[in-house]
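To start, the structure under review is shown below, and the notes come after it.
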Amino acid sequence: MAPGLPYTDNYGPSPPGTGTSTSSNARGRDDGSTATIHDHSNVDAQSPTDPNNSKTYSFVALPGNAVKKRPRRRYDEIERLYQCSWPDCTKAYGTLNHLNAHVTMQKHGSKRSPNEFKEMRKQWRKQKKEHE
């Protein structure tokens, strides 16, 4: 919009209940441009203190409804099976997804596929069974 020209609304009046006013005010800025200010005071909304509003909201957690989350593995409990194959990179991760995030962010080659680790996972499961 060119500075100094009056504001014209090419779209006509807004539909009722949209919260925009048909009489927009244009205020000048320091840089010469104009900003359109809309009056939002005519929006139909019930006040939370309105006696006609019969809804009651409770945000307090009720006892007995809490879902017990499984605890996260601690740093020393993570079995780091997925090692980065980039030269001089010693990073290893507990999940292939985390390894691929590292590979992508550090530009350490292309993403690794699950097929690369298939045999390694099989051996790991076998060792775990024997250990138990």
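Cβ coordinates are placed from backbone N, Cα and C, and glycine is handled just like the others.
Positions annotated as compositional bias 'Basic and acidic residues' by TrEMBL: 27-42 (among others).
If you look up TrEMBL, you'll see 43-57 marked as compositional bias 'Polar residues'.
Long-range contacts of the compositional bias 'Basic and acidic residues' (113-122) within the same chain, counting only residues at least 6 positions beyond its ends with a Cβ under 8 Å from a Cβ of the stretch, are 81-82, 96. Per TrEMBL, the feature compositional bias 'Basic and acidic residues' maps to 113-122 (among others).
Remote same-chain partners of the compositional bias 'Basic residues' (123-132), defined as residues 6 or more beyond its termini with a Cβ less than 8 Å from a stretch Cβ, comprise 79, 81. Annotation comment: TrEMBL describes 123-132 as compositional bias 'Basic residues'.
As annotated by TrEMBL, domain 'C2H2-type' applies to 82-113.
The region 'Disordered' annotation in TrEMBL covers 1-58 (among others).
The annotation region 'Disordered' is assigned in TrEMBL to 105-132 (among others).
In the predicted model, the domain 'C2H2-type' (82-113) has a mean pLDDT of 94.
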